[in-house]
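Colleague: Grabbed the feature section from TrEMBL, which reads as follows:
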type: DOMAIN; residues: 1-197; note: domain 'G-protein coupled receptors family 1 profile'
type: TRANSMEM; residues: 45-71; note: transmembrane segment
type: TRANSMEM; residues: 91-115; note: transmembrane segment
type: TRANSMEM; residues: 140-161; note: transmembrane segment
type: TRANSMEM; residues: 181-200; note: transmembrane segment
């Protein structure tokens, strides 16, 4: 049970980071190459990408499966932790391994992708018929940037203190307090995301209202039907359905973020 809980905790952290990175790449394809990418940005392709990312996450946490075990704490209680074969040396490699795979490399990819998106948006002149679509794409991109920024801001203190901990032989009470706050801040990221969606995503708002107040949508549809007094044929504009990683997982990403690495 100790190994399973720790592995699930680590897997959720790596998987959520990889999915956020993939979501950023998806935003790049949708914004910079909207026509060419439409053939690959399908529901099936998104599902395959998510499956591969989850498999990559499981491969990444192999050290957790290998070395996690029960340990005896100073107060006599039992805890769960990673016991490396050569702790004095292996702890450096494991900390750097986790730091680069779960933080630095994804952060670099996301920053490069959004810089390219911003350059493209600032340079391209959009024809009038496409401006509504481009405005919608910008709004989705803004939401994605905010989600990724919140994730990395919340987890940066934890990874920084992990590196500092390598040089601290005897942590002070203040350091341990800051370390616990950093871990709590990382977990708090899961609480922040729903509010970000509420503020920035109209689609999320509609689905939230529909889930909380099921009769609201029915009353709204009734009002729209009552206001339509014309017997002629109505011409309706059907919004384009965008099947992409960012849309598929805008409501489910917290399932991955809700558990996060807290292995000291």
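Our numbering is plain: 1 for the first residue shown, then up by one each step along the chain.
From the backbone N, Cα and C atoms, a Cβ is placed for every residue, glycine too.
Caution: TrEMBL annotation is automatic and unverified by curators.
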Colleague: Averaging the per-residue pLDDT over the domain 'G-protein coupled receptors family 1 profile' (1-197), what integer do you get?
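Modeller: Residues in the domain 'G-protein coupled receptors family 1 profile' (1-197) carry a mean pLDDT of 85 in this prediction.
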Colleague: If I count Cβ-Cβ pairs under 8 A between the transmembrane segment (91-115) and each of 45-71, 140-161, 181-200, which range comes out on top?
Modeller: 140-161
